[in-house]
Amino acid sequence: MSQKSCLPNNFWACRTIYLFKKSPKKNFHSSQFFKLFHSSFMIRRLLMTAAKPKKGKAQDFVLKTPKGTKDWADKDMVLREAIFGTLSSLFKKHGGVTIDTPVFELREILTGKYGEDSKLIYNLEDQGGELTSLRYDLTVPFARFVACNNIAAIKRYHIAKVYRRDQPAMTKGRMREFYQCDFDIAGNYDTMVPDSEILALLCDGLNGLGITDFKVKLNHRKILDGIFQACGVKDEDVRKVSSAVDKLDKSPWEVVKKEMVVEKNQPPEVADKIGEFVKHNGSIREVLEFLQASDILKSNDSAQSGIAEMSILADYVDAFDIGEYLSFDLSLARGLDYYTGLIYEAVTAASAPPANATELKAKSNDEDASAYVGVGSIAAGGRYDNLVGMFSNGKSIPCVGVSFGVERLFSIIKNRTDLTSISANHTDVFVMAFGGGEGWNGFLKERMEITNTLWKAGINAEYLYKSKANIRKQFDAAEKAGAKLAVILGKEEYPQGQLRIKVLGQGQENEGELVNKKELIDAVQSHLTDVDSISRIIKGL
């Protein structure tokens, strides 16, 4: 019998003859007989197909996370939690209150807010109801939140995942699912006051994470738009030209100019005029001096308004003592459509792609772009005064904020950090029992009681879930947990109300300190003075 069919081949011939004999038409033509035989044959083929083992998807399936995503665990998780803890503490210091919003929004909320990057939005399948998409960032959902709740003023922070259908570069922290840590100030305040505080917070945050070799590039949308207009760009082409200029951090001017002329249909002389401006960078006052000396900008209202605001910002930057970190860079464009004023992004040496990135990209067959891209900006933001008004019938609430890219920060910090001293566990004390011989029960209940006492005192503690665990297994478990101390219940000592405290990692010659049970908490706490800095951050959560 064939494995492909549960019935023998001669069954189908017999079935055809049987049907032929049962037919009321005794003058069957041969063609009718063959039709009947063909019908039986087709039924057999259908049954054989259904009985075949499935090939393809089931056999080719590879168990993994989707492209551009990863699982987080162990020391990576500890490091990421430390980043969260550092930034959330900073946000609270500046008076921020936390919020959360749905991971997906109505598609209409996100449409038309991101310029050319709109193609990177993840649209969810229509389930016969509302059309929705995964959030691309935390800024647009925040603006929707402000409009929905009729909020006039708020300082908010939000730590959550966002999603983008971008080319991943996993080792550079460029992923399709990643965390952003956002801080925003919404409300009507004096010009550049909230903006300067956001810049101070940005610099404070990166320094707090141990990243000190950064530079915050600044520009102003009004100045940039004014430059384009003064150079001869039509209003309807400003955003297209802006998206080309935004690539100057990755491509040389010749490549950007070609895109402006060939793809954006700008005259070469217009591109050359723009080039005279966007190649300039320096301190705020240096670039202001250059802009104020430009004859073609003197009659442009947009540029003059932006120059006036940047002049105010220069004084506030001095008050916060952050001038050394800032660079006024006229090539910075920030491609998102919702920015209306000051824009900025923080970069490090790791942000730029390799010098031979084009050559590496041409050679690469990998879906991951890590070989030929840089980390990119590690934090960015700006002013967006009209975004809330898009959701509230034109009632605008001025807003300014910054977003820290957690995975990009993580990739830099991990490369600079000795992870050997970091434990994925936060156990301070491991409770053990030593004994043996006749009548020895392992002190399991007693270990539970001591562990519970430590927990109630706020001390991180564990014990082995075995009634009679041998000494070696208990020490191995303590080492795996990263415990600093062992509290030991001895067979002879514990019934006398005494326990032994041993500092782990100091060798067998260190027998530890014998203390009374009533003094246990004070004794343990006095030994726990050498907890590593990352564990302290996690405790602070």
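Just so you know, glycine gets a Cβ as well, placed from its N, Cα and C.
Cross-referencing ARG164, ARG165, ARG174 with the L-histidine binding residues that TrEMBL gives (ASP137, LEU138, THR139, GLN180, ASP184, ARG334, TYR338, TYR339) picks out ARG164. DSSP labels the residues of the domain 'Anticodon-binding' (429-526) in these numbers: 37 helix, 25 strand, 36 coil. Of all residue pairs in ASP137, LEU138, THR139, ARG164, GLN180, ASP184, ARG334, TYR338, TYR339, the annotated binders of L-histidine, the farthest apart have Cα atoms separated by 21 Å.
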